[in-house]
Structure formats: structure tokens, C-alpha cells
Amino acid sequence: MPKPFLKQTNDLLARGVEKIIVKEHLEKAVKSGKKLRLKLGIDPTGADLHIGHMVAIRKLRAFQELGHKVIIIVGDYTARIGDPSGRDKMREPLTKEKIYENLKTYKKQIGKILDVDKTEFAYQSEWFDKKNIQDVIEWASIFTLQQMIARDMYQRRMKEGNPIGLHEFLYPLLQGYDSVAIRSDVEFGGNDQEFNLLVGRTMQEHFKQRPQDILTISLLIGTDGRKMSKTYNNYIGVMDAPSKMFGKVMSASDEVIGDYFTLCTDVAMDEIAEIDRAMKNGSLNPRDAKARLAREIVTIYHSAKTAREAEAEFEKIFKQKEKPSDMPVFKAKKTRYLLTDFLVEAELVSSKTEARRLVEQRGVKIDDIVLDDWKKEIVVQDGMVVQVGKRKFVKIASTNT
């Protein structure tokens, strides 16, 4: 379990917080000692969470340690639609079976930060299974089409000729009604979720409840400065092995160091400011700052001991040019592969295009021999080691030997 979070009200309501609606009311409620009902919705659209998802979870933990009630809404209905916020194209709908398959590891991942014994997990199906079309008509009557299509992503889609699904307008209504169902006092969400959170306030007022306050959280960008996403392979997974997590942090661009310290660690803000000043005046090498950052993050999701071991492993690979002592094993199903196919199948790259680029940049080695022909066919053998870039390795275990 991570060390205690800072509990000062100013830090609680400022660090990593983009906006609060209504700030004065929430400040007063927190200082009064009133126990608040805190809501965060999670759509199980994939099996694994990354540390960007955990920024809001970490803020919830800070409130939880003050005695407030945390309620995680499992979006087993909204995941079938897909949140359109910030999307230039419609999401692919998920089946009910896929949603519940993705859910299997969520509680374990969330439990790395939250005290799950004190956390309530509520499923949308608990209330939506009991609703009918008359309820949907009532919810829809609260809002106008103009309110919906005024959102930036819908304006972009119309301009670019991309379709807007009618079902997408249901998403904020369902998320909004969740707040009614659990009588939420405060809803947390990313800064791209503000419209949906405001819908919750409006629906609570419609159903004669006091409207929830809203706390939007800064979005964590990926290690390369783009949006954190599996598509870009720039994410740090909550379930990543310590050495992999450490290496990913070390590969992050220097520009994200400050944000990662602020949003992903418990390091005090004045110390983070000092780290930033030291990097700018040249007295601190960004690499050393990232090593500190990597230790902090690995400690939170694993332990201080594994963080030290991960750092030692990193130094072994990058300073001493040795191979990792414990590397993933790829079980080859055949003896011959096109090089690009192999790299994708072994999950060393996300696409054949990336494979081709890395080979052309001389970033792919087999048993320390650089490969420079992406069209090459390779013959795999037991124990062969494939390296991509500086930190990705797999050892081949052939099923044909």
C-alpha cells in the first residue's frame, strides 16, 4: 500500500485538479467534516488500466483517507456505447460478454491505490435493468439537440463528414442518471468529461436532488508527449512488471517529468518545483530526475524493494550493456517468419509499419547482430534473443524443437 497522501485541503483540491464546480461549496463541505459520497465512473473497455487512469483514483484515495465514501460506477451499460468525449469517430460497441471479461482484473488494479474494503463498486445494470423506454424519453426531454451537437468533437465530425451515432447522445444521459441513482455529492472525471459531469448536475436537479459538485482531473499525457494510449504504445500499465515499468518511465520525454511527479507520485509540490528549477539551470540531469520518478512510481504499484531491483536491472542493461536476467519468452509456433511478422507477433512492435521503421533505423538485433533488411525471412531457434531498441527483449522458445 502506498504511503499516506497529503491531506491538506489546499493540496486536496488543487494538485492535479483542472476545475471544480462549485469550488466554494466543495471547500466548505470538506472543511466541515461532512462525509461525502464520491463518484467515479469506469467503462471496462479494455482488460488493463494504465497510470493515466489512476490519476483520478489517487485523488479519490486522498478523500477516502479523510473518511469520505468512494463509489466506483462500473459502466456495464455505457461501455456498450463508448464515451464520445474527444472522439473524432464512433467507438466500436462492446458486447456484454467482453465487458465482463475485461472487468475481471479491475478490482485488483484499483486496489493498488484504493482501499477496496472501504470502496463500493456499483454496476449500472443494478438500476438500468429496471428502466424502460418511458424513462429514456423523460431523460432525453431534459436536454436539447443543440446542447448535444454544440460539443467540439461533434462539430469536428460534421465538418469532416464523419458520422454521429444517435446512440452516442445516450452516453451522457446514462452517466448523468448514475449520479441520481447513487445520490452523488461529488463526481470525478477527466477534463474532457466536463459536459457529461454537468449533465449529472442537471439530472439531479430534475429529480429534486442537490446537484453534485464536479472535480475534473488533469489528463496524463503519454511518455512521448501525445495522449496516453495503447494505440501509440506510450502508456505505463498498472500491471506492468517492475522492470518494464521502470524502463518505460526512463524512456519518457524530459518534458513530461514535472507532470508525472505531480499526477503520479506523492512527492511534495515544493520539492517538485525544486526538481524543475534544478533541471532548468543544469544542476540536475533529467536522467537522474527520471530515475527518481521511476523509483517513486514503481514503489507505489509494487514496492520499494522491487523499485531498487528494477533500477539495478536498468543500470545493468543500459550502462553495462548486459541483457536482462529475466526476459519475456516468445513461444514460436513455426520455424520461419518474415521479420516484420515476427516482431508484431512477439509484441515487440504494434504494427508492421513500426517494425519496418525500426529495422531501417538499425534498431533490431538477433543475438547481438543488427538486422537491416525488413523484408528478410528469419529462422527461429530455441534460446535466440531478439532485441528491439534499447529496452525490449524476448527469448525464443521454439515449439518445433
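Every residue gets a Cβ built from N, Cα and C, even glycine.
TrEMBL entries are annotated by machine, without manual review.
Below 8 angstroms of C-beta separation, residues 74-76, 79, 82, 91, 94, 99-106, 109-110, 219-220, 222, 228, 230, 235-239, 264, 297, 301 of the same chain, each at least six residues beyond the ends of the motif ''HIGH' region' (44-53), sit close to that stretch. The motif ''HIGH' region' annotation in TrEMBL covers 44-53.
Per TrEMBL, motif ''KMSKS' region' is recorded for 227-231. Note on the motif ''KMSKS' region' (227-231): residues 46, 50, 52, 219-221, 350 of its chain, located 6 or more positions outside it, place their CB under 8 angstroms from a CB of the stretch.
According to TrEMBL, the ATP binding site annotation covers Lys230. Annotation note: Lys230 (ATP binding site) sits in a coil segment as assigned by DSSP. Around Lys230 (ATP binding site), a 10 Å sphere centred on its CB holds 13 further CB atoms from the protein chains shown.
Sequence annotations record features per position, and here TrEMBL assigns domain 'RNA-binding S4' to 337-400.
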- Under DSSP, the motif ''HIGH' region' (44-53) has how many residues in helix, strand and coil? 0 helix, 1 strand, 9 coil
